[in-house]
Structures are given as C-alpha cells and as structure tokens.
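Here is the structure we will look at.
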Amino acid sequence: MKVLVLNSGSSSLKYQFIDTDTEVALCKGVVDRIGLPGAFIRHQKNGQEIVKEQEINDHNVAIKLVLEMLTHEEAGIIHSMDEIDAIGHRVVHGGEYFSDAVIVNEEVKKAIRECIELAPLHNPANLMGIEACEKEIPGKPNVAVFDTAFHQTMPRYAYMYSLPYEVYEKYKIRKYGFHGTSHKYVAIKAAEYLRRPLEELKLITCHLGNGSSVCAIKYGKSVDTSMGFTPLAGLAMGTRSGTIDPAVILYLMEKEKMDVKQMNDFLNKKSGVLGISGVSSDFRDLEKAANEGNERAQLAIDMFCYRVKKYIGEYAAVLGGVDAIIFTAGIGENNALVRDKCLTDLEYMGVLYDRERNFNVEKGKVFEINKPESKVKVLIVPTNEELMIARETKRLLSK
C-alpha cells in the first residue's frame, strides 16, 4: 500500500510518500509559509532536492503543489493519483472522541472541529489538510491519526484534575497527553529490539525535542504522561513553561496587567529554556553559551534535565519497576549531554548507564547505552511518526 502522510501546520505542510510494504519513504518534502510572502515547496527524492517559490494562498494550493511534485516528470514518484492508495493525517487533538486512528467521514470531521478550542493552533490546520485532500484527491480514503489517542488508556485517577467535577463534565477539562504516535512507535521498536512482547514490558519513553514529554507505558498501554490538557504541561521545553504553580499566573496577570492572550503567549512562546537562558530555545546554542560561561544557559539545561529525571523516578514508581528507559526525538536522540544528566545517579533503580557508549552513539538505529549487567535497559530509539501514521492507515484499511 502506498500512503501519502501529511502533517498540516497553520502555515506549513510536511509530507512523505511511504510504501508500507517496504516501509520506505519514496519521497518527502515541506510546503512552507502558506498564506505568507516568500512561500515555497522543498521536495526531496533519492537525496536530490527541488525548491520552488510561488504564491501559496491556502492549503488547497499547497496540496495541489504536493501532487504536482509527486507526479513530476523527473522529481516525481508516480504517474497518476490512482497510485495513491490512501492519505494519513496527523491530527493533534482528538479529545475523548478517539482512542484509535479512524477513517475520516463527516462525523469525524465534526468531532475534530469540536476539539478546535482544545488545540486552536493545530486542529484547524489539520482539518484544512483533510478537506484539501478530499477536494484534490477525491475517492481516496483519508485516515486521521491522533496525538492524543494512545493516551486514552490512562486510568481515570491519572487523567483527572482535582478541580470541581462539574468542570470536567461541562468542559471535558482533564489530562489528554500528546506525542502519542511517537511514544507508541518507539515502544514497539524497543520491544522488537529487546525481543520481548510489548505486553510484558514496563517502559518509560522520553520524547525530548522543542516540545517534550515523558510517558509511562505498562504492558503496551499508556498509563500516564507529562503533558496535560494542552501541550504546555510537564517538562520545561524550548519556549513552553511546563508545569508551574497556577497561582503564579494569577499573580503575574495582576502585577504585569496582562490579559489572557498575553499570558498565553508568555507561557507558550517566551518561557521554557528560552525564558530562563535569554539565549535560545535550541540546545546546541545553550550548550555553546554554557561552555562559554553563561550561567543562565547552564541553569536552563540543568532545569530541563532535572525535570526529565524527576519524571523517570515518578513513572518508575507508577509502573512498579521499569524494564527500559527510551530516549527519542531531536534532543533525546542527538544530545549526549542531556542524556548524561538525566541518567546519572539512577543506580538505585537498577540503571547502570554506560557513559562512554552514550557519548559515542551510532546514529539512525536502536542503540543501547547501558552496561551489560544493568537490570534496566537504556535505549536510544529514532522516532518515525510519519511511518507510524502510514502503518496505522494500512492497519485500518486492511480490516
């Protein structure tokens, strides 16, 4: 089966065309600056890259451009739209409606629309991507794969907030969790690597990137995760605050005369390691600054790693032990210093971490960074959300 995988953002559209039989991306690319000046498409096939600048007013035009590239004489990979078997879409928020991927119909679109207020930045764009495909590739099934779906197995006592129960009934305010597609993918890969059934394993997965979350996975099911009602909760992130005392928000709004929108921006775009360091949200810049003696950059790194470590301890308690700790995503896969700080002094948990292996990782594959005698495995697993979306699409349509 050949699946076009789409990740629609508010002003960008990332795509991969995946053959699910070989699990290879035949080509991939991004349409960027949709609706803005300087819009372009960057298309890659066999290591060759084409960049084309033109006016791209909306997601319909973006999808048309992607299809043009897929059928392009030299850069293309197919002769006609008939060779696209299905389209798999990343949808950020499925609320309580979806605990699995679904084939899109009017009812599904209505539910995605109803979750817009839970994910105002992402869901409208995800929906635009779906509707653009329905228009430009009629007759082909669209499948929605939700970031939140994997976490719908969390027990009630883990996902509820200790607010008056009526607030949950009225507004569905609860923990949802995100990065579910990534957490699920790396858990499956880890089980394959360990040659043990996923249903027997207790795993802690750390998806560390510009947005970061940790997940406790017991016997293949998510039982807790660090993000909450929105992706703002949990770890300190690139520009997001992570969990703070809610009273701080009220105090600051009063002191600084901030309205809700300003506070939202403050917490989502100006906080995290950027806010602490005053340097950058990028860990490469932070490390460089810290090495040059910038104390705030060092503090930002220390705070980030401290929180990851706290969640590892917390989730080991929740799971009643742990078989493997997994690091993935941009920082998790590539930043040895961060992993080092997160894994030091965990011997009491049975984690015997191999520092030398951590700083000499073989990229692009599952890599073990624990000592042979360690009770707990520590793995670096490259994530592949697009492949997971393609797999989910195939699974649903093969039923």
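Keep in mind that glycine also has a Cβ here, set from the backbone N, Cα and C atoms.
The Mg(2+) binding site annotation in Swiss-Prot covers Asn7, Glu385. The Cβ neighbour count for Asn7 (Mg(2+) binding site), using a 10 Å radius over every protein chain in view, is 22.
Residues or ranges marked as ATP binding site in Swiss-Prot (evidence: sequence analysis): Lys14, His207, Leu208, Gly209, Asn210, Gly211, Asp282, Phe283, Arg284, Gly330, Ile331, Gly332, Glu333, Asn334. Reduced to three states, the DSSP call for Ile331 (ATP binding site) is helix. For Ile331 (ATP binding site), the same-chain residues 6+ apart in sequence whose C-beta sits under 8 angstroms from its C-beta are Leu208, Gly209, Ser212, Phe283, Val338.
According to Swiss-Prot, the substrate binding site annotation covers Arg90, on the basis of sequence analysis. Following the DSSP three-state reduction, the secondary structure of Arg90 (substrate binding site) is strand. Counting every protein chain shown, 22 other Cβ atoms lie within 10 Å of the Cβ of Arg90 (substrate binding site).
Asp147 (active site, proton donor/acceptor) carries neither a helix nor a strand DSSP state and counts as coil. Note: Asp147 (active site, proton donor/acceptor) has non-local neighbours Arg90, Val91, Val92, His93, Gly94, Phe178, His179, Gly180, Thr181, i.e. same-chain residues 6+ apart with C-beta under 8 A of its own C-beta. For Asp147, the entry in Swiss-Prot reads active site, proton donor/acceptor, with the evidence type sequence analysis.
Reduced to three states, the DSSP call for His179 (site 'Transition state stabilizer') is coil. According to Swiss-Prot, the feature site 'Transition state stabilizer' maps to His179 (among others), an assignment based on sequence analysis.
Here Swiss-Prot flags Arg240 (among others) as site 'Transition state stabilizer', drawing on sequence analysis. Sequence-distant neighbours of Arg240 (site 'Transition state stabilizer'): residues of the same chain at least 6 apart with a C-beta under 8 Å from its C-beta are Gly211, Pro231, Leu232, Leu267, Asn268, Ser271, Gly272.
Most buried of the recorded positions His179, Arg284, judged by other Cβ atoms within 10 Å, is His179. Of all the binding-site residues listed here (Asp282, Glu385), it is Asp282 whose C-beta has the fewest other C-beta atoms within 10 angstroms. Between the CA atoms of Arg284 (ATP binding site) and Glu385 (Mg(2+) binding site) there is a gap of 23 Å. Geometry remark: Asp282 (ATP binding site) versus Glu385 (Mg(2+) binding site), CA distance 21 Å. A coil conformation is recorded for Asn210 (ATP binding site) in the three-state DSSP classification, outside any helix or strand. A helical conformation is recorded for Glu385 (Mg(2+) binding site) in the three-state DSSP classification.
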